[in-house]
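Engineer: As annotated by TrEMBL, transmembrane segment applies to 7-25, 45-63, 75-93, 99-122, 134-154, 170-188, 239-257, 277-299, 311-327, 347-365, 386-406, 412-433.
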């Protein structure tokens, strides 16, 4: 039994590794790829596509648990993987309508995929193995930052233009990776809990398959209504209201490190022929920062409430240093130029080492905020963790979507200033919530 569950967790992680090797690489380079297209009929924007994905994802999260309950996590993940693969395939022969249509579909697929992943991971874990299994899955997932971005570096290094053949080769490779990840879900085995549920349902000889799914759907709808009611109640609580600026900030900086910053590096004239290849290296270094931060703060400090404020403060300082260096090192028009490279000159002569240091700091700071937001929500809302996390993902995704929509129009300086203001506000509000929790604990002890 334990071997079957471990097998399932490993295959789950491998499937996500392949799918997100394709998707994270795609998100990192797609605005650069779109700008390079020699196609007068294509009018799409990579920023707008990512904005649509996160916007649809935020609202689809509310319906995803019902779908997963009705058709099961394995089928949900397989169908979602197909939609991810469809999005990658669009870049091989791009057209505006298919680009935006698949953006909508992958937003829905993302909500289904992550909900099913959580459901399946819990099904295949016990209290004694949940931390180990989550760690195994997380480690495999983080490796997705490396392989695709390494390919980008090797293929684009020394090139000032991305040819049609280069684009097609890259996205064919990413499509193969995504399809392999999707197919791996088919070899997942039924969990013991799922087998018990199926045998119980099969034992009801009077119930047809249609009635069985109808019963599942009815139960799922009741659960969804109950969860929605809980979400609305939690939204009115002081803790959620105070944590909202921090959640919103995590959405802005998510959009910046995952799609905007790589585009800025690739558009910097002073990097010359190295600029396009640096997009891949930047993605890898962001991943290293995420792993270092997640390992140190997610595992070592997860049960220590007194260290949460220290980690969040560190995350704020690290991000502010990164923003200041980006402001000095990257031209102000880097996010908004389209057919040309940057025309403005930054305060410093652009340095590759400073640019990659900023990538590391962005990943490190992101892991600081995310690990501690999950930690404090899990502690405060131990009895309602699922609705609390749903609120977090909703707020984060909405603000990531908004950020992607304005990123192609707002100069870099103003984007950085907005993140600094919201980051500082969010950190202060986090401190207030932590102090409220400490006071509550002290009062109960008294």
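Keep in mind that glycine also has a Cβ here, set from the backbone N, Cα and C atoms.
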Engineer: Need a quick answer: max count of Cβ pairs under 8 Å to the transmembrane segment (347-365), which of 170-188, 239-257, 412-433 is it?
Structural biologist: 239-257
Engineer: If we skip the immediate neighbours and take only residues 6+ beyond the ends of the transmembrane segment (239-257), which ones have a Cβ under 8 Å from one of its Cβ atoms?
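Structural biologist: Distal contacts: 50, 54, 286, 312, 319, 359, 362-363, 365-366, 369-370, 373, 376-377, 380, 388, 391-392, 395-404, 407, 415, 418-419, 422-423, 425-427, 429-430, 432-433, 436.
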Engineer: Is it true that the transmembrane segment (99-122) and the transmembrane segment (386-406) have 3 or more Cβ pairs under 8 Å, skipping pairs fewer than 6 apart in sequence?
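Structural biologist: With fewer than 3 qualifying Cβ pairs, these stretches do not touch.
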Engineer: Mind checking which residues of the chain, 6+ beyond the ends of the transmembrane segment (45-63), have their Cβ under 8 Å from one of its Cβ atoms?
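Structural biologist: Distant contacts of the transmembrane segment (45-63): 27, 30-35, 99-100, 103-104, 106-108, 110-112, 115, 224, 228, 231, 251, 255, 258-260, 263, 390, 393-394, 396-398, 400-405, 407-408.
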Engineer: So which residues does the transmembrane segment (75-93) touch in its own chain, when a touch means Cβ under 8 Å and the partner is 6 or more beyond its ends?
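Structural biologist: Long-range Cβ neighbours of the transmembrane segment (75-93): 15, 19, 22-23, 26, 30, 33, 67-68, 99, 102-103, 105-106, 108-110, 112-113, 115-117, 120, 167-168, 171-172, 174-175, 178-179, 181-182, 185-186.
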Engineer: Which listed stretch (7-25, 277-299, 311-327, 386-406, 412-433) has the most C-beta pairs under 8 A with the transmembrane segment (170-188)?
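Structural biologist: Highest pair count goes to 7-25.
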Engineer: Quick test of the contact rule: Cβ under 8 Å, at least six residues beyond the ends. What residues does that give for the transmembrane segment (311-327)?
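Structural biologist: Answer is 246, 253, 261, 264, 293, 297, 301, 346-347, 354, 357-358, 361-362, 364-369, 371-372, 412-413, 416, 419-420, 423-424, 427, 430-431.
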Engineer: What parts of the chain pack near the transmembrane segment (134-154), using Cβ distances under 8 Å and only residues at least 6 beyond its ends?
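Structural biologist: Contacts with the transmembrane segment (134-154): 9-10, 12-14, 16-22, 24-26, 28-29, 117, 121, 125, 170, 173-174, 177, 277-284, 286-288, 290-291, 294, 299.
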